[in-house]
Amino acid sequence: MSTESMIRDVELAEEALPKKVGPQGSRRCWCLSLFSFLLVAGATALFCLLQFGVIGPQRDEQLPSGFHLNSPLAQTLRSSSRAPSDKPVAHVVADPEAEGRLRWLSRRTNTLLAYGAALTDNQLVVPADGLYLVYSQLLFTGQGCAPAQPLLTHTVSRFAASYQTKVNLLSAIKSPCPRETPEGAEAKPWYEPIYLGGVFQLDKGDRFSAETNLPAYLDFAEPGQVYFGLIAL
């Protein structure tokens, strides 16, 4: 074999060597990348399971002594659990048998007087200082609007314990009839509800009344349509 042919064989072997080794290197890099990805994914999954308590040792839910929750949610839950449930409340309904007047009853179905709230002389009495929701609804009914057009009023008044003066806290005026009623128009039945409600800072001993100027138009066909009440907040 000549020297030139030997040199040519060595050069051919050197050119063939990278072609043979190249695919093995590519497969090795691909395997390392896959292994790294699986390792990172497994570590992430393990961290999430430990973080959310899916795996790991079970701990008692009771907090150790001297440990306090300071998060807003914990404070809200703690204050709610300590909030007193004995708040005054009153809900009374109108007496359907009272002719020509609005008289409130507390001993009927769906009425309530609790935690000091009282009904005295047709008035609700506040048992303690605090913030209260005061509300009332009247339902009126009639037949036709001619010749006289009724003007309905609904008023909730307060008699303060500090000064015996009647003050209107809530009031409304409504007319169930149109401004102009043509002569000879058919007398059709009408219904007109008036609801009043508001939140007030009240004192112990304050008294409330709910009144109307035309009690003869009150609708007592169904129970619970005419009511009056207060709720401590």
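Here the Cβ of each residue, glycine as well, is placed from N, Cα and C on the backbone.
The topological domain 'Cytoplasmic' annotation in Swiss-Prot covers 1-34, and the record cites sequence analysis as its basis.
Look at Swiss-Prot and you will find S2 tagged as phosphoserine.
What Swiss-Prot lists as topological domain 'Extracellular' is 56-233.
For S80, the entry in Swiss-Prot reads O-linked glycosylation site.
Cβ neighbour count for C145 (disulfide bond) (all protein chains, 10 Å cutoff from its Cβ): 18. Under the three-state DSSP scheme, C145 (disulfide bond) falls in the coil class. According to Swiss-Prot, the feature disulfide bond maps to C145-C177, an assignment based on sequence analysis.
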Just to be sure I understand the packing, how many Cβ atoms besides its own are within 10 Å of the Cβ of C177 (disulfide bond)?
16
